[in-house]
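What follows is a set of notes on a single structure, which appears directly below.
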């Protein structure tokens, strides 16, 4: 690559970086303006849609985010409880995020009950690396079986699968690493499903993308499920 083309590429990435930040500011304002009762109604609707879905019920190994109300993320508390209290939970495994550093390094660790979560320095709940018995929690990257489903957060999405995160790169880095692991082991890729308030779904093409951004397979909003990729359409139905 010549220096001129390298500079052009850098300039392009800078422009995308600035576009994303402007969009984040705009979406945060929109989220802040949603009345708490309306947000709560959307939380219930989204969780009800997912909890009743065959593709959710049939998933045995799941990665899901722990919602943070201060960040105005779609609530996942009922879904997490449902997974952990499932009558066949012996067969279900739940992995949740733990941020390890400020360099986009995040692990997904297995929990067996909500009490396994502790508040970090940002007051966000996450699993301690060691369980109550002094054993290291199972890291999904070291698990012997593939994950069926990822339930993902984000600031904004579109119906072509673009996702705008908060800028830390934690989920994109993790999703890429897991995708590579699944390919190496010849596993079926997990379904990447984002939870979204209706106000977070933007027009197609508004969210800029780079090669490090990992798209989603499907969106769930209060209006229902939006399968995007062929994998999602096949597993979720029409």
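Using N, Cα and C of the backbone, Cβ positions are placed for all residues, glycine too.
The ATP binding site feature in TrEMBL is assigned to 20, 21, 22, 23, 24, 163, 164, 165, 166, 167, 168, 169, 170, 171. Here TrEMBL flags 66, 73 as substrate binding site.
For residue 164 (ATP binding site) paired with residue 66 (substrate binding site), the C-alpha to C-alpha distance reads 18 Å. Sequence-distant neighbours of residue 166 (ATP binding site) (same chain, six or more apart, CB under 8 Å from its CB) are 24, 71, 155, listed in sequence order. Spanning the residues 20, 21, 22, 23, 24, 163, 164, 165, 166, 167, 168, 169, 170, 171 that the record associates with binding ATP, the maximal Cα-Cα distance equals 20 Å. Of all Cβ atoms in the protein chains displayed, 13 besides its own lie within 10 Å of the Cβ of residue 168 (ATP binding site). Annotated pair residue 170 (ATP binding site) and residue 73 (substrate binding site), C-alpha to C-alpha distance, rounded: 16 Å.
Ranking the binding-site residues 20, 22, 168 by Cα distance from residue 66 (substrate binding site) puts 168 first. Note on residue 24 (ATP binding site): other Cβ atoms within 10 Å of its Cβ, all shown chains, come to 16. In the structure shown, across all protein chains, 164 is the one of the binding-site residues 22, 66, 164 with the greatest number of other Cβ atoms within 10 Å.
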